[in-house]
């Protein structure tokens, strides 16, 4: 600022405030931040506002629903009334579990897995996960944090994946096209998973694409051998289940990555919301009864892992760092134990077992 007598008053520029501008009547619009991290944060907040909880929790009527394909066959008789009642409730639980849905490729892989098993409620959850993640990617692209060519490729994969899964579920897609899609998500999942695991520990390990590239070669070789009859029947079934297992492992790796970050920078966990972690624990916990009821070991493993380590594990870390109250931690602990106990007890009753541990034994080893 110019003053008289050739003197100048220099005013220091204040640090940037939060990147929001007020607009009437009460809205706050996110602006593009200077750093990619800021853009991601703004986009993630906006993305969370797109899907309201009431829309995500919509449970489709179970009338005329397709019969789910169980992971194992059982000839053991069971009481009809309790069995049908628990069948209905576990389907509703899995349909209401719309918690922390992340990983676009993981959601697409699990969507195909559940569509093939005719698990309508779980397929709807994964579809919501795909759409939610895609909305965030749209906002990232609009903010300039994601290259346009990557967004176009991602959009093509999402569109094709949703269309193919919808057609297959309603019996409008041939087995040849569906097989090609399964091969695609198998190769993609096996290539991405090792790279994600390796990247978690950078810079303690050198930054390299070798894990992903090596896994890509192995995945392509396995798919070609399975399609050309070079593998046994068990080998073909194993390759066919890889897409579901890799997607599950992606979600299982999330708490490992989070805990590693907390170990390196304990202050970071203070930015986590205890309510968000409870919702994550509840969302994954709602899947547990259904996975146990149909004896699906992969689904049960992923849901239980995420419930214990991602949801409850972060709540435990928050409590140890005095970021949440003792009563909140106690309520989360009692609620988790009670829910798992209820699931085991009701499953045993539905199948006519005397012990809830019989259900776990059948889940792992078969009837």
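Heads up, the Cβ atoms here are built off N, Cα and C, so glycines get one too.
Here's what TrEMBL has on this protein:
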type	residues	note
TRANSMEM	96-115	transmembrane segment
TRANSMEM	122-142	transmembrane segment
TRANSMEM	148-170	transmembrane segment
TRANSMEM	177-197	transmembrane segment
TRANSMEM	209-226	transmembrane segment
TRANSMEM	238-256	transmembrane segment
TRANSMEM	268-287	transmembrane segment
TRANSMEM	299-321	transmembrane segment
TRANSMEM	327-345	transmembrane segment
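The transmembrane segment (299-321) makes no contact with the transmembrane segment (177-197), as judged by fewer than three Cβ pairs under 8 Å among residues 6 or more apart in sequence.
Contact between the transmembrane segment (177-197) and the transmembrane segment (268-287) is not supported, since fewer than 3 Cβ pairs fall under 8 Å when only residues 6 or more apart in sequence are counted. Looking at 148-170, 209-226, 327-345, the range that has the most CB pairs within less than 8 A of the transmembrane segment (238-256) turns out to be 209-226.
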